[in-house]
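Report on one structure; see the data block that follows.
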Amino acid sequence: MSRNRGGKHGRNKPTVGEKGRQVVESIDENNPVIKMFLAFRQELDDKHDRFEKIVKHSRDITIENKRIIFLLHSTNTDVESKKQVVLEEANTRLKQIFEKNFRAVALLLKGFDSYQYQKAYTSGLQEFIEALVFYQYLTSGSFEKWDNINKSFQYMDNGDSISLLFPQIDYILGIADFTGELMRRCINDLGVGNTNDCFKTCNMVKHIYSGFLGIINPGNKELGRKTYVIKQSLAKMELVCYNIQIRGSEIPKHMLLNVIESTDVNTEDDEGYYH
Amino acid sequence: MSSDNIIEHIFTPFQESINSEQDVREEIRNIMKDIEKSLREIVTTLQIIHRTLNGEEISAACFTARSLFNVVQKGFEKLDSVIPEGQYYRYNDHWRYATQRLCFLAALVVFLEKGFLVDKVTTAQILGLHEKSRIHLDLEDYLMGLLNLATELARFAVNSVTFGDYSRPLQISKFVAELNAGFRLLNLKNDSLRKRFDALKYDVKKIEEVVYDLTLRGLVPNSGGGEAVE
């Protein structure tokens, strides 16, 4: 739709001309059209405000989760007591997010179609899943199903029970991001000579990757993109395991990392989480 | 859950949810095909306004459009039964564009019949979206329709003059000026509605030029130019 057809009208952008201005000025507050639009203004403003508020919460959630993930990586230590302290703290902070930030989002969405505002908090939600699942993996070696987590997004407000919409796709995409943390973990494990965990972690990612390969979901680009990232992470981890196996007896374990880093494992391309 | 049953616990339920979502989408697509068929028919029917001055022909076109809207209403009735409760915005990509077009057409019919701006409730009634349980008329879709109406009316103003109807552009000019004033009250975000609104000024300008040409030549009915000041 080319409206500005060049030629004689092309020079200036038209504004409301003299005639138009007269009409605009002559319109008063009682004009039915104006009255109607004043009501529309209210409705649109409400919607935008609500959206922005949720985006803000989502951002807070994202930031806090990145910090928690960073914290969880520091559990890679032989000192058991220190490890427990860190896990304890991570757990408390995760609960905080759940009780405070997500609760706030749920309250904002009370009585509204959550799908309308889903885009506003989808990134916070995925980041939360990534941190939560990582925490669960570190404490128990496994993680919860979507069902279970979904059930816990349940809040009470003045006697009303409200549940926060938690689409399964956000869970799956959170898991995809979680494999990035596992890759990092695996390489750190190698760094401290904890080679048994390397195999265990790598194995976990292999299973997750097969799951992603099996998904048929036309039209979701995000899923395909993330599957590709998992593939890359997995390749690094498989190389780590390969090296442990083949050279593990040749050199001290803590030196293996140098060997691998000098080959083609690039451990530096995180998503800018650690700055 | 150990790593061995990840597929069973995580990915199988996910695939199942995708599949059932696809089923719903398929049903929606089928319903929309019917609605869009009526939509196209209404569009072509109403194009008569650019080809004739005959009021009876225009009324007849409006009448045909009204009966086609009845078909549309049946379509939306069906849609209402297919959309799961509270998931309007999960699927609304499928009908957003068609709804906007239909709002435009409903507004055009009401303008041709009565000469005033159709309100949102009436539009919803014409489309068959009023007081449905799961679907409704989105404010933004309605507003988008009104912006499309302005563009159509700009063209209508030009063609009316061609057929010698010199009073129509004045009616359109006043109508679109009010519409413009209304839109200026809104705080639009930087979204598609905003972009579409930014184009409204070109329609306003076009209409003003037509009115100007008429005024200049003393062709404005009722003591030339008197209408413009009012």
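Residue numbers in this text run from 1 along the chain shown.
Including glycine, each Cβ sits where the backbone N, Cα and C put it.
Automatic prediction, not curation, is the source of TrEMBL annotations.
According to TrEMBL, the region 'Disordered' annotation covers A:1-23.
Per TrEMBL, the feature compositional bias 'Basic residues' maps to A:1-12.
According to TrEMBL, the Mg(2+) binding site annotation covers A:Glu130, A:Glu181. A sphere of 10 angstroms centred on the C-beta of A:Glu181 (Mg(2+) binding site) encloses 23 other C-beta atoms. A helical conformation is recorded for A:Glu181 (Mg(2+) binding site) in the three-state DSSP classification.
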Cβ-Cβ distance under 8 Å to A:Glu130 (Mg(2+) binding site), same chain, at least six residues away: A:Asn65, A:Ile69, A:Gly174, A:Ile175, A:Asp177, A:Phe178, A:Glu181
